[in-house]
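*Asks:* Quick paste from Swiss-Prot:
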{"type": "ACT_SITE", "residues": "His36", "note": "active site, proton donor"}
{"type": "BINDING", "residues": "29-36, 147-150, 184-187", "note": "ATP binding site"}
{"type": "BINDING", "residues": "Gln60, Gln153", "note": "(R)-pantoate binding site"}
{"type": "BINDING", "residues": "Gln60", "note": "beta-alanine binding site"}
Amino acid sequence: MIIADNIKQFHSIRNSLIKQQKIGFVPTMGALHNGHISLIKKAKSENDVVIVSIFVNPTQFNNPNDYQTYPNQLQQDIQILASLDVDVLFNPSEKDIYPDGNLLRIEPKLEIANILEGKSRPGHFSGMLTVVLKLLQITKPNNLYLGEKDYQQVMLIKQLVKDFFINTKIIVCPTQRQPSGLPLSSRNKNLTSTDIEIANKIYEILRQDDFSNLEELTNKINSTGAKLQYIQKLNNRIFLAFYIGKVRLIDNFLKETGPSC
């Protein structure tokens, strides 16, 4: 596996690739888990070259504490990527991605950008779309692999690719879950054993609910010791975000299936 720690190194690697080679790209913020691994394996099966990026993007965090406490396990991540035969790890610094600071940003005007996560985390989608555009311009992949767990993010990136005429196909992969139904997330690494017990109770409640009374469901979730930030039905999906202690988790799933594995 080749590791590029800056854009100049990456461009040299990217330019050396044969034009006919199909390139798959999996953007991450590190702290890799089986959800990321499933994306990488999918990319490996469909491309000649797989690029994974690790960059914790500061502009998509509206809470400084969330940014400061985001899990960092770079050496472990490198071992995971090497074991998966990833071809290139792009691990840029903030200075690489924002050489002149955060001077230009994508400001989404779509309705989906202003509800749920957009409403709860002002500026999040702007920062996310800005860095995704930068990463796509740098990596120039044929295929981009994203997880369904970040559903709003996926919808906005699809619009980004369309509006900026980016010649990249987006492949959306199913959310990977623990046996309890809890979606895999890098932030899960910050959960204590007690927090995990609370999360398991929440997903036991969710698996048994028919989502006909969200107020009653809110009370049930809050009774576990968690703090529900929102739960909402949108089309045929259930979206929710909640805190367990200081850890914020999000999820979405089809109403008919619930949070099934």
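Cβ coordinates come from backbone N, Cα and C, glycine included.
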*Asks:* 10 Å Cβ neighbour count around Lys149 (ATP binding site)?
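*Replies:* Summing over all protein chains shown, Lys149 (ATP binding site) has 21 other Cβ atoms within 10 Å.
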*Asks:* List, in sequence order, the same-chain residues at least six positions removed whose CB sits under 8 Å from that of Gln60 ((R)-pantoate binding site)?
*Replies:* Gly123, His124, Phe125, Ser126, Gly127, Met128, Val131
*Asks:* Give me the CA-CA distance between His33 (ATP binding site) and Gln153 ((R)-pantoate binding site), in Å, as a whole number.
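*Replies:* Counting only the Cα atoms, the answer is 19 Å.
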*Asks:* Other Cβ atoms within 10 Å is the metric here; tell me which of the recorded positions His33, His36 scores highest.
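*Replies:* The most densely surrounded of these recorded positions is His36.
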*Asks:* By a 10 A CB contact count over all chains shown, which of the binding-site residues listed here is most packed: Met29, Ala31?
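*Replies:* Sorting the candidates by Cβ neighbours within 10 Å, the top entry is Ala31.
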*Asks:* Which whole-number value in Å describes the distance between the Cα atoms of Gly35 (ATP binding site) and Gln153 ((R)-pantoate binding site)?
*Replies:* 16
*Asks:* Which ones in the same chain are close to Ser186 (ATP binding site), with CB under 8 Å and 6+ residues apart in sequence?
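*Replies:* For Ser186 (ATP binding site), the qualifying residues are Met29, Gly30, Ala31, Leu32, His33, Tyr70, Pro71.
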*Asks:* Taking only the Cα atoms, work out how far Leu184 (ATP binding site) lies from the residue listed as 'active site, proton donor', in Å, as a whole number.
*Replies:* 9
